[in-house]
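Look at TrEMBL and you will find 37-66, 149-178 tagged as domain '4Fe-4S ferredoxin-type'. As annotated by TrEMBL, [4Fe-4S] cluster 1 binding site applies to C46, C49, C52, C56. Annotation source TrEMBL lists [4Fe-4S] cluster 2 binding site at C78, C81, C84, C88. Per TrEMBL, [4Fe-4S] cluster 3 binding site is recorded for C158, C161, C164, C168.
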Amino acid sequence: MSTNNTKTVERLADPSRRRFFRGRVKTKHELRLPWVINEAVFTSGCTQCQDCISSCESNIIVKDEDGFPKIDFSLGECTFCNKCIESCEQPLFSGVFTEENTLKNKKAWPVTLEISDKCLAKNNIYCQSCRDECETSVIKFNYLNSSIPQPSLNDLDCTQCGACIKSCPQDAIAFNFDQTTV
Ligand code: SF4
Ligand code: SF4
Ligand code: SF4
């Protein structure tokens with residue numbers, strides 16, 4: 001193989017370059033590891049070593065279609081044990097270890113939890129499974145004008161653990177990316 005060809009093969013071994021050469025543009029946002037700086041920093045710096053995947057005590061980190069790790073809350077909740085972050089040798093996170101005070105005030109992901117119209121209670125069928133899973137009592141039920149108690153969220157108190165997502169029999173709960181997220 002010529003020197004030029006060898007260099008090309010070496011460059012394409014870089015995951016972010018492979019994606020570029022395939023001409024693929026991601027339109028779907030993925031939930032990466034908690035507190036990553038942003039998607040661009042993550043996908044350009046992540047080597048796809050998979051150390052974070054094997055380190056997760058909840059087994060909720062999986063590979064996306066391009067081989068990058070993402071969180072799948074349908075598999076369970078995030079305990080914020082930080083093992084994924086500690087296992088990563090790349091500078092993908094924003095001051096997690098050095099700026100503890102900043103971290104406490106910063107959301108792990110730029111997302112908001114929402115309950116869709118697929119919710120059983122919203123369709124007048126009794127269900128409160130999500131409330132029973134939420135340790136911080138973020139999800140409350142009130143009758144409002146319905147004969148069945150209706151769920152409401154106090155997003156400010158949500159820890160983003162995702163425990164309620166797996167509990168929902170209707171797959172009605174999801175984290176949606178904030179509008180300002182690029
Ligand atoms: S440990 Fe870091 S570099 Fe390795 S796959 Fe996870 S995020 Fe990427
Ligand atoms: S678990 Fe799902 S279906 Fe049941 S009340 Fe909560 S959001 Fe609605
Ligand atoms: S993601 Fe938020 S609402 Fe859902 S269980 Fe965790 S703290 Fe409660």
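Keep in mind that glycine also has a Cβ here, set from the backbone N, Cα and C atoms.
Remark: C81 ([4Fe-4S] cluster 2 binding site) has E57 as non-local neighbours, by Cβ distance under 8 Å and separation of at least 6 in sequence. For the [4Fe-4S] cluster 3 site, the Cβ centre of C158, C161, C164, C168 serves as reference, and the other residues of the chain with Cβ at most 8 Å from it are F73, E77, L113, C130, E133, C134, V138, I139, G162, A163, I165, S167, I173.
Checked against ligand 1, the binding-site residues C56, C78, C81, C161, C164, C168 give no residue with a Cβ less than 6 Å away from one of its atoms. In this structure, the binding-site residues that sit close to ligand 2, with a C-beta under 6 angstroms from any of its atoms, are C168, chosen from C52, C84, C88, C161, C168. Checking the binding-site residues C78, C81, C84, C88, C164 against ligand 3, the ones whose Cβ sits under 6 Å from it are C164. Cβ neighbours within 10 Å of C52 ([4Fe-4S] cluster 1 binding site), excluding its own Cβ and spanning all shown chains: 20. Between the alpha carbons (Cα) of C168 ([4Fe-4S] cluster 3 binding site) and C46 ([4Fe-4S] cluster 1 binding site) lies a span of roughly 32 Å. For the pair C49 ([4Fe-4S] cluster 1 binding site) and C84 ([4Fe-4S] cluster 2 binding site), the Cα-Cα distance reads 12 Å. Comparing CA positions across the binding-site residues C46, C52, C78, C84, C88, the one lying closest to C158 ([4Fe-4S] cluster 3 binding site) turns out to be C78.
In this structure, C158 ([4Fe-4S] cluster 3 binding site) belongs to neither helix nor strand by DSSP; it is coil. What surrounds the [4Fe-4S] cluster 1 site, by Cβ distance within 8 Å of the Cβ centroid and not counting C46, C49, C52, C56, is the set L33, Q48, Q50, D51, I53, S54, S55, I61, P69, C84, S87, C88 from the same chain.
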